Structure formats: structure tokens, C-alpha cells
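A.B. asks: Straight out of Swiss-Prot:
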DISULFID  Cys50-Cys90  disulfide bond
DOMAIN    23-106  domain 'Ig-like C2-type'
DOMAIN    238-327  domain 'Fibronectin type-III'
CARBOHYD  Asn125  N-linked glycosylation site
CARBOHYD  Asn135  N-linked glycosylation site
CARBOHYD  Asn223  N-linked glycosylation site
CARBOHYD  Asn315  N-linked glycosylation site
SIGNAL    1-22  signal peptide
Amino acid sequence: MCHQKLTISWFAMVLLVSPLMAIWELEKDVYVVEVDWSPGAPGERVVLTCDTSEEDDIIWTSDQSSEVVGSGKTLIVQVKEFSDAGQYTCHKGGETLSHSRLLLHKKEDGIWSTDILKDQKDPKNKTFLKCEAANYSGRFTCWWLTAVSTDLKFSLKSSSSSSDSRSVTCGAASLSTEKVTVDQRDYNKYSVACQEDITCPTAEETLPIELVMEAQHKYKYENYSTGFFIRDIIKPDPPKNLQLKPLKSSQVEVSWEYPDSWSTPHSYFSLKFFVQVYRKKEKKGESLLVDKPSAKIRCSKGGEVRVRAQDHYYNSSWSEWASVSCN
């Protein structure tokens, strides 16, 4: 988690009272309050200061209350529940002076909450973020699932700013138009494209890319971390331009090309290919594993030839299938 120091100025601010850094600034005028969710925990004491040189006739309101919640230049809020979070605004004479938004990051039994995102159930450990790269250019896409539909905000970025870390720039998250169904429940899918700032595709990776995704839902804050080498998230795009050339009997020669997105030169960034004859009524057809972009195989009417690709030298994920009919 990136904790940012609070700067004392005439701007609206939160005064850090907890020695455990339980309150920190997420962005301008937005603060995360880390709250112990166990029964009997006292919550966190937050002091808000109005951005004004005036001292008198100041009142405070909250977007969670229809009544005035305090008066004076400072306001003390004991934050324990989500009803204590929200946007606090100071006013004088009908004029808005400044505001601060408080978000809760809850911790229960020593574990930070992970309520916003769906666990995608990696066999070894919890997986909330999944990432894939179509080549070694340093560009990749990450995605996640959530059952939440409204009042969401996501930000994906490098989790470390040290000079020896791999810096990454990510775009804005976008919502897929299609739902993803898991265990008979529909989820929204968000994705974001990222690019490593400095990359050398032919160099061996010695440090992983480390990312943190910050999620906000209404007044709730959570973060999710992931780390990987580009080589471990490679999934080539499918081969393109599949063509069949009839030979004698039912034998055909199938040829294809490398996907446009794959790294070049192909003599260095080689792919291997899995070729399969597929028929709906047959569980398993003839198949071949080849290094070059062509193969001879038997395929009769009603079947199709399918081809998928994998990094030749590293056990990457296989691409999706590309196919051509044998008719």
C-alpha cells in the first residue's frame, strides 16, 4: 500500500493522530481511514480543518446527514462505521469553503477486506486480478470481476516508485458490455491496458512487474496487489490466414501465418503450433505439434482444422483456436 504523507497547509486537511498511520491521503481532499472492524474497537479519531483564515460562524455538514454535524474551524469525527465516512463540507454564511472525503478500509481478524472484487479462484491462491500479454513489447491487459454495478472507481498503477522497480503506466478502466457468469451468477468485467515505461523485449527479466489496484465503492476503499514477469503472462493471439490445399484422398495441407501482434523477428521470437482436426461427433481427432506454419493432415467433409500457438521456448498459455472448414 502506498501511504502518502499529509502536508500541513491552508488547504482542507486531515490531521494524523494514530501512530500506526491509520489515516492517509489517497488523492487531493480524499482520505482513507483504516478501521479495525472487530467488536468493541473504538474506531479512528479524525480531525478535519476548514480551509479558511476565518475562525467564527463556520458550520460543517455531511452528505450522510441532513443536519449540521459540527461548528468551528475544526471538526472531530470518530470513524467506526460506514455511516461515519462520506464527504464533510465546511460553510460560512451560505458559502462553501472546503471539503474532505473520508473512505473506510476495513480490517477484520487481521485481514483487509476484499469485498468489491470477485476471487477468480486460482488453484494455488486467491486471484482477483488477471493479466495477459500478446507479445514481449511490455504492453499487457489486466481485468477483474465485480458484482457491484454502481458507484465504482478503479485505478491500476505500479506499486513501487523505487528506482530499481519496473515502472508501468496504465490507462482508465473500461467496463465490458458483456456479463461474465461464474457459478450461475453474473459479474461485471473491467479491463485496463498497461505499458511498461522502459522495455527491452530481448532482455531476460530479473525483476517482476508489481501492480496495485485501488478500488472504491461508495465509501469503501480496498486495494489488490499482483506481480508477474511478462514471460509468465504471455498468451499469443491466434494464427491468422488459415488456408487449406487439397492433396490426394482426404489429406490436406493447412498453412497459416504468425499473428500480427507477435514480437519480431520471428527467428528470435518463435512460436510452435498445435494442429487438430475437429468434428463435433468425435471426442478426439488427429493432432500434430509442429514448429513451422504448415502441416499435412487428414480432414474429411464435415470437419475443421484448428490451429493454436504457444511460445516456442517458454511454457506460455496457448492462444485461442483459429479454424478453417474442411468442406
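Even glycines carry a Cβ here, placed using N, Cα and C.
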A.B. asks: Which one is it, among the recorded positions Cys90, Asn125, Asn223, that lies nearest to Asn315 (N-linked glycosylation site) by Cα separation?
C.D. replies: Asn125
A.B. asks: DSSP secondary structure for Asn135 (N-linked glycosylation site), reduced to helix/strand/coil, please.
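C.D. replies: The three-state answer is coil.
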A.B. asks: When DSSP is mapped onto helix/strand/coil, what comes out for Asn223 (N-linked glycosylation site)?
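C.D. replies: Asn223 (N-linked glycosylation site) sits in a strand per DSSP.
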A.B. asks: With an 8 Å cut-off on Cβ-Cβ distance and a minimum sequence separation of at least 6, pull the same-chain contacts of Asn135 (N-linked glycosylation site), or say none.
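C.D. replies: Same-chain residues close to Asn135 (N-linked glycosylation site) (Cβ under 8 Å, separated by 6 or more) are Pro201, Ile234, Pro236, Ser261, Trp262, Ser263, Phe269.
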A.B. asks: Let's check the environment of Asn223 (N-linked glycosylation site): how many other CB atoms sit within 10 Å of its CB?
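C.D. replies: Result for Asn223 (N-linked glycosylation site): 18 neighbouring Cβ atoms inside 10 Å.
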A.B. asks: Can you tell me how many other Cβ atoms are located within 10 Å of the Cβ belonging to Cys90 (disulfide bond)?
C.D. replies: 27
A.B. asks: Highest Cβ count within 10 Å among the glycosylation sites Asn125, Asn315: which residue is it?
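C.D. replies: Selected residue: Asn315.
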A.B. asks: State the three-class DSSP label for Cys90 (disulfide bond), counting H, G and I as helix, E and B as strand, and everything else as coil.
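C.D. replies: In the DSSP reduction, Cys90 (disulfide bond) maps to strand.
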A.B. asks: Find the one among the recorded positions Cys50, Cys90, Asn223 whose C-alpha lies closest to that of Asn125 (N-linked glycosylation site).
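C.D. replies: Result: the closest of the recorded positions to Asn125 (N-linked glycosylation site) is Asn223.
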A.B. asks: How many helix, strand and coil residues does the domain 'Ig-like C2-type' (23-106) contain under DSSP?
C.D. replies: 3 helix, 51 strand, 30 coil
A.B. asks: Give me the Cα-Cα distance between Asn223 (N-linked glycosylation site) and Cys90 (disulfide bond), rounded to a whole Å.
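C.D. replies: The Cα atom of Asn223 (N-linked glycosylation site) is 29 Å away from the Cα atom of Cys90 (disulfide bond).
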